[in-house]
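Working notes, beginning with the structure itself.
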Amino acid sequence: MLHTPSIKQASLLWDVAGLVAGVDEAGRGPLAGPVVAAAVILDDLQPIKGLADSKILSARRREQLFDEIRAKALCCCIAQASVEEIERLNILQATLLAMRRAVEGLRLKPALVLVDGNRLPVLTMRAEAIVKGDALVAAISAASILAKVHRDRWCAEVDVQYPQYGFARHKGYGTVQHLAALTKHGACPQHRKTFGPVAEVLREALP
């Protein structure tokens, strides 16, 4: 009897040498929390409709696509660099570190990695940087969604621990409300103390 593989099984029969991964990050600009990166290898046999730059999608749509990407992609990995690593390395190097971790965490090794932006992490395979890649390459769009949703969920969790800052609302960005909370309450352990607005609050708090 001839065994016909399922779509998922058939996908895994592809030549690994032809696999392409998309990589993007979330959380470079905020004043608090880790920077998150995701790497995704999509399955051409299971297309995902509606992939786009995560920034133009509603939160509800991102959540829907997050689950679909996780279910349909050949493989994906979400990684991060901590606040401590951001402080030690700087935000650019920490972002590249998170990207490298995401690629290295993929179950399948891609032949080519397409990265959103104009800088590349150090990788063992060929890689290309694509400016505005999250709007141009489906795999990068998928990575941007995974990274964004993962970080937004982190913000919701830390908001419970530090409700006075409103992380669930502003996602750590330097909004008027966030800066006011920083001035009133000072910085919490999740704040990036080398970032200008946070450093300024800490300086003003010195006796």
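Even glycines carry a Cβ here, placed using N, Cα and C.
Given the structure is predicted, the values throughout are model-derived calculations rather than measurements.
Annotated in Swiss-Prot:
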type	residues	note
DOMAIN	18-207	domain 'RNase H type-2'
BINDING	Asp24, Glu25, Asp116	divalent metal cation binding site
Local confidence of the prediction over the domain 'RNase H type-2' (18-207), expressed as mean pLDDT: 96
For Asp116 (divalent metal cation binding site), nearby residues of its own chain (Cβ under 8 Å, 6 or more apart in sequence): Gly22, Val23, Asp24, Glu25, Ala129, Ile130, Val131, Lys132, Gly133, Asp134, Ile140, Ala143, Ser144
Cβ neighbour count within 10 Å of Glu25 (divalent metal cation binding site): 27
